[in-house]
Amino acid sequence: MIQIRGLSKSFVGQDGSVVHALRDVDLDIDENEFLTILGPSGCGKTTLLKAVAGLIPWNDGDILIDGSAVRGPGPERSMVFQNFALLPWATVLDNVGFGLRMRGIGRAERDERARALIEMVGLSGFETKRPGELSGGMQQRVGIARALAVEPRVLLMDEPFGAVDEQTRRLLQEELLSIWERRRMTVVFITHSMEEAVLLGDRVVLMSARPGQIAEIVPVPLPRPRSSDVGAIERSSDYVEVTAYLWDRLRDMHTEHRPSKVAG
Amino acid sequence: MTATAGPRPARRPGLARRVLDANLPYQLLAFAVFAGVWEVYAREWGGLLIPSFTETVEATAELLGSAELWRAMWVSNQALVLGFGIAVLAGVPAGILLGRFRLAERLADVYLNILLVTPMAAIIPLLVMSVGFGLASRVILVTIFSIVMIVVNSRTGVRQVDPALIEMARSFGASERQVWTRVLLPGALPAIMTGIRLGLGRAVTGMVIVELLMVSTALGGLILEYRGLFKAPLLYGTIVIILAEALLLISAARWCERKLTRWAGSA
């Protein structure tokens with residue numbers, strides 16, 4: 001469904017040297033696939049996601065969705081942000097309806113659809129609250145509801161659970177799985193947590209830094225649906241094995257980079 | 001007091017506690033002390049030039065009943081309303097443009113800094129030379145006094161809108177106009193309202209200064225007249241009334257600010 005071909009993006013750093021945020025990235029994402037992208041900070045994973053979202057330009061290569069080139073944001077994609085990006089002056093209802101409003105959908109239909117999504121993410125009763133009155137976990141539920149409200153075929157998630165505490169993160173992971181199992185769509189999910197990448201993904205794309213490129217694509221042989229018993233998944237040997245493998249690979253990348261850092 | 005530690009049921013604070021926690025009693029107390037010190041000082045050492053608190057209150061009441069005061073208020077406030085209105089109508093858009101577009105900022109920065117640091121009274125002779133005495137120059141001065149605060153705060157307001165919100169809006173397909181109306185302007189509103197409130201205070205200052213230094217027709221004229229005639233209570237009364245007007249206007253502005261931007265306090 002999404003094809004990324006030879007994608008490169010570089011920029012000139014503060015010291016005048018050229019930084020390759022992404023170099024020659026090739027990636028195919030299937031329809032209704034849950035793809036997680038894992039990598040150390042600075043590996044360009046967020047850059048890759050923003051390019052797919054159509055929010056930033058790149059230097060070389062193509063991104064195709066159903067065969068047509070990405071030139072900017074589109075109605076088939078929506079995004080969930082790391083720091084929620086909620087409008088602090090707007091109520092939960094208006095925040096969830098924001099994407100619909102941008103698409104010119106009138107108040108009545110907007111509110112109705114927003115209410116349904118608010119219920120789906122478990123925030124009924126909070127419609128008139130403002131983001132400042134909500135916990136981080138609740139704010140990200142609003143962010144997820146807002147992204148789902150526009151009924152995207154591709155959901156782009158940029159470390160969505162990176163800014164919430166561990167317990168909340170686990171709850172949100174389970175709920176995301178459960179939502180996705182009921183309502184299939186293509187998900188591209190950025191994370192720096194190996195456990196999260198394995199628990200959620202059909203495949204884990206492992207990226208390396210400087211230059212940002214794909215190191216390996218690791219299939220996750222865990223059964224679906226997973227939301228019903230996350231604990232059992234986490235105790236299964238496949239889960240343990242894949243997580244351990246990813247950790248080995250990440251540690252290798254780290255040691256590969258250390259000498260060059262000292263020399264530089 | 002008994003033990004402060006250990007389990008205690010939560011209770012609504014008693015009446016005494018609530019009175020002590022409110023601001024009003026302290027404000028009243030501070031005012032009473034101020035009035036008392038004033039009264040005693042004026043009676044003991046004041047003489048002709050410093051009226052007592054009670055004399056000032058009487059004079060204020062007398063003034064409020066006189067047509068002369070209201071005529072002066074009317075004339076002075078014309079300059080205030082027009083000058084401040086122009087400052088808001090021109091200053092808010094100007095500040096927003098400066099905050100959003102670097103080129104505009106580069107072009108205007110020097111002039112804004114000049115306006116910020118120049119003592120405004122120094123401009124009066126220039127104004128009189130080019131525009132003459134009269135409403136126009138009074139309006140212009142009030143505008144110059146208040147517009148800087150409005151421009152600077154509006155600029156800050158637009159600039160401090162989280163870029164992540166703009167990116168979010170674009171990701172949902174927002175047009176340039178929608179980014180402005182749904183993200184930038186609402187996000188800048190608290191700072192804009194602060195600028196308007198501060199600008200209003202400066203506008204009142206400008207209104208009085210312009211009359212003291214330039215055309216003594218209205219409130220400024222009253223002040224100079226009472227001073228010349230050694231009518232100290234009436235002089236003080238006039239100043240009290242100007243202060244009261246300023247306080248009233250600024251309270252109203254603060255109230256609007258809170259009404260419009262309640263979210264900013266909790267976020």
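Including glycine, each Cβ sits where the backbone N, Cα and C put it.
Quick look at what TrEMBL lists:
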- B:20-41: transmembrane segment (TRANSMEM)
- B:73-251: domain 'ABC transmembrane type-1' (DOMAIN)
- B:79-98: transmembrane segment (TRANSMEM)
- B:110-133: transmembrane segment (TRANSMEM)
- B:139-158: transmembrane segment (TRANSMEM)
- B:206-226: transmembrane segment (TRANSMEM)
- B:233-253: transmembrane segment (TRANSMEM)
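Between the transmembrane segment (B:79-98) and the transmembrane segment (B:233-253), fewer than three CB pairs separated by 6 or more residues in sequence fall under 8 Å, so the two stretches do not touch. If you look at the transmembrane segment (B:110-133), the same-chain residues 6 or more away from its ends with a CB under 8 A from one of its CBs are 98, 140-141, 144-145, 147-148, 151-152, 206, 209-210, 213-215. Here the listed stretches are B:20-41, B:206-226, B:233-253, and the one with the most C-beta pairs under 8 angstroms to the transmembrane segment (B:139-158) is B:206-226. Counting only same-chain residues 6+ beyond the ends of the transmembrane segment (B:206-226), those with a CB under 8 A from a CB of the stretch are 68-69, 71-77, 79-80, 83, 120-121, 124, 127-128, 133-134, 137-138, 141-142, 144-146, 232, 234-235, 238-239, 242. Outside the transmembrane segment (B:233-253) by six or more residues, the chain places 51, 55-56, 58-60, 62-64, 69, 73, 193, 196-197, 200-201, 204, 208, 219, 222-223, 226-227 with a CB less than 8 A from a CB of the stretch.
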